[in-house]
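Asker: Supplied in structure tokens, the structure appears directly below.
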């Protein structure tokens, strides 16, 4: 059974088929409605320079042909026109059908719409009109033409023209863009293009190479002098690959780490532009059509004032000091007419403007300055802010228009003209009420919802900053400051970490309040995902900034009303007669219908007692005995009960009356004055973790304890608001469903006839076999009792079930009571006034829904947590690199972060030996343990830092952060750092903040205490001193707490300080040698601490949105995956591409969800391609050129975009970005782009170093894959080096006998084999074989494969040995024959005198022989050559060829070649002579070497 459970066995496939049918119908509809092209006629500009001449002279610039899609509107067409080079300059215009005179003298009427609008020829088309509706009157085949017609200006269109001009001359991501005002520095930066182009090396330092350049000597008549100079040159593929300088693992330097790309250099097109100070136009000039005055400083040095009238723009006679609205005459004295387009006018008055603008998109014919995905603004996602950055230089660029942007967008000159802020609530709820019956309606609705949620999040962050600084007064100034509420930009803002009203005093006070708001936001996000019709939720966002948590919500209509809602009472009286039909309100959508509700009479208290008359459902938190109930709201809540697995249960009010609820009674329903029903306080949509309440609030610690720590076991958990995660509820539900299905199947099998008993037994045996096979996945050396038990449970749960025996799946029923074990304050008996008792009202576990809550808590401890560790142990979990990735993984598995201590304890249990002896974790478990412990420290430190920052002013916060970091991370360098604090000085009694007194010892004690309290774990103090990965913890603190550090190398220890000092000394010495003036600037002051206040540049708000994922695209994406899993690959990929288009349409491309779906598609293509490669390789006669049939190039394009988007929205050094880079590197290698693949692998190693550091097992995988890529490039030496490093890393992580070590050795065998080192390959293969035999058994496929490798390598080496023996035998035989020949010749050769002349073979003269020369027969010479040549020495073979040539040179041969009497002293010398190394011959070795090299080819030819 799949993880989606057999619950989908009957209806899941039907739903998928229904979705597929819906998509097919939509596709058929689109094919039927494929629109013919539409030609847009564009007017001509007044200036000839406005539109550049195209490279292709046949391309017209007065018209553009577009191919609209169905449902595209006139507004969509205008957006396309605005980006075209021939129409970028247009001012306000409308699209019209060509004029045809009608009967009434106006344009001819072509059609009338239901909304009474008309489509007339020659009149402006409604921008929301669909394009196809504009041409309903045309027959098929007729030309479709629209005309862009200039429209008169208003103030709005004048301001829009200026904004359009700014977008043109100051594109996003360029140096010209100086008007942006982000929340942090270098928002949304990316380095992907640098990595792609090889501009980022391992340490991000610029690579230099020496080249010769000609420098002028200054002398007349003489050429320049060539001198070696250093020139910056990027490492690119035409010189060397990314690993060419790889020497091994080297930690990345923070000081030179690549964190962002420099903005594209763009020359300014105008000196300045600003709204003229003569604005607004006076009444008499406004009456003449004046709309706006604009002051522009041209590059030519002239400052002009442009006046916008209803007819267009013109240059006035005004100057900076005097206003004259008269048009400035032309050079010939004539008065020019206004120019309709502002951009066209600037072209006509400034040639330099035309020149500069022609280099910018969309006018430039050379393409974009940079990849748009790296530079365009991020519309619907929070940009990532790098944790390291450099302040801009200069700190701020002068830009007057930056202060006038508010006017450009609002048109308000004063507070009386400011438009009311956006009504966020009405926008959100209005979009919710849009129709969603068809796929197109759903897409449009979700697109609008995602857009408004993103804009709400950004507005909330801005509002929180204003509130936190004290710029916004509270709306309840008389109350406790912790209870202050604020209203800014129509956003209701409250503090989320103070329980000022003691609402959660019984659950933990402020700590419980903070958790409650986090759970509330999660509940709102979950309900937004469910999107139940008729249930409304406020816009909701959490913003954490400078130690405080702020809750931002849209305003509930009527929440600030102080009078009784007389209208509601009247409406209630009118609908009392219709109370019996109130249930029908469930499916209605009109607001008027929401009035038809039952009279909420079932309350414990009267309406006069209620402080909130809007509340109609749920438990009143201010009056615990008051319960509100409303039938219509209850009916609506039943729609969310099924997806959330909620059980119907009853709650008693103060009068003992019972009311039925689905969600917790603490989830409140309020009826706004707009008639809508809203849900608030959604924190209790999941049940309570009763196991934690009973065992871990004050229970014993699960971590290792010292002998003297028995008293510490009672450390109190900070709060009692502990709940299970919805993911765990779903997992437990699926697990119970499988167990129920197995029980039903077993009962059905038991009832079968005896004839089927044998078949049933065989099926059981097969199941047991699978169970044993799955258990064997764990290496035997790691089969601790805990691991074996977890594996057995996993195998039992995955045991297949015969679905035909189950019957109706609806018989299974499991739901949870969210009010079970919920603690509430209860007043005690009389006589004990003021005293309350905290107890739960629902605890009867005989109720299945209550017992299910208990069982779910046990499932979390006994099944879910061990399953997490088991998957890590067996290698089924990857990508857990840091605390953030760990938290995300645990949440997906339903494990709360408070269980980190239990998770660490489980790791220790899984690491014990088979006999139960304690053993240090290794491999993946060791890495997981390191991440878990560091995450405990991080979260404890975050809570402490938050408390320190809470009361501080912004200017003091940076000093507090730097001192905190010194105490946490810099104590090895300076054990007693002194805090920097400068009082504001306004109040003489100003108290000293708490951070000033913080010391490293105090901080370590607080962290240990926090870890004990929050995670039930005893943290060893030595871990804080030597176990922390400090650079990685610094990155996480900056990224997740929200602050940016100055980019520099931070020194954490004395040893590192010494290394930095040596490096600086080397730099200074080099500068002195070069005569650099750097030393004249003075010595830099030596730091005494790791961090200083100036290092903390800014604190960035952390936004937690409640916007859910896109459900309509998610459904199609999941359908695509399921289709691929069923073997229909082509249809599945089509589904995934359809989902990608929807994600792009809804999220506007640059969004983390779009990056995720890009990666999913590329990963699917990669897996399919690998599978097809295996299938081709398994064929009898495989064709390596056979196409795979998948679009790898398209997948590469998506994956590259995914990386860039992830860097901009998640972070350059984020765990998901690293995963995308790995997938990209693998795809590049699959496509054959080895150079690119190596660049990404090299950068991936840098990412791992920054995120985790060295020593993680997954780093070995990267090194191994890079080595395989190098093998394809024939760089076998470096490939072998990387394979060895991968093996050494694996050996260090897992030990010598681990299965992973065997796998690494198996990879290393191939490296040795390709390098030609057969002996090492054989030895490595034998080591791998021993590991596989011990861990997998001799019958395992991998063991058999390795045994074959050993057998083949042994055969190769034996063959080499036999060849060597044969060569030795031939050489020995030749030596014997030579000896016999010498004996036959006589004793002349026995002379011991050294020759004085030059030895040579052959005769001198025409057959005449010198005196005393003896003859050697040809057989002897051949034997001599064999003795030197059979050994495989190429020099000897060449010498034999030389001897043969010498004989031919003598002309006639005697037939008995002779050797002189003193020709040699011994056999060895003779052999050496033939090999060209005879002693006593001057320069013979050198000459022989060169001569043999040259005659080697001649001999080969002969």
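Cβ atoms are placed via backbone N, Cα and C, with glycine included.
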Asker: Given the ranges 1358-1380, 1381-1403, which one is assigned the annotation region 'Disordered' in Swiss-Prot?
Answerer: 1381-1403
Asker: Region 'Disordered' per Swiss-Prot: which of the ranges 665-709, 710-754, 755-799, 800-844 is that?
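Answerer: From Swiss-Prot, the annotated region 'Disordered' range turns out to be 755-799.
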Asker: Region 'Disordered' per Swiss-Prot sits at which of 571-615, 616-660, 886-930, 931-975?
Answerer: 571-615
Asker: What are the helix, strand and coil residue counts for the compositional bias 'Basic and acidic residues' (1054-1069) according to DSSP?
Answerer: 16 helix, 0 strand, 0 coil
Asker: Restricting to the domain 'Clu' (399-693), report the mean pLDDT as a whole number.
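Answerer: A mean pLDDT of 83 is what the predicted model shows over the domain 'Clu' (399-693).
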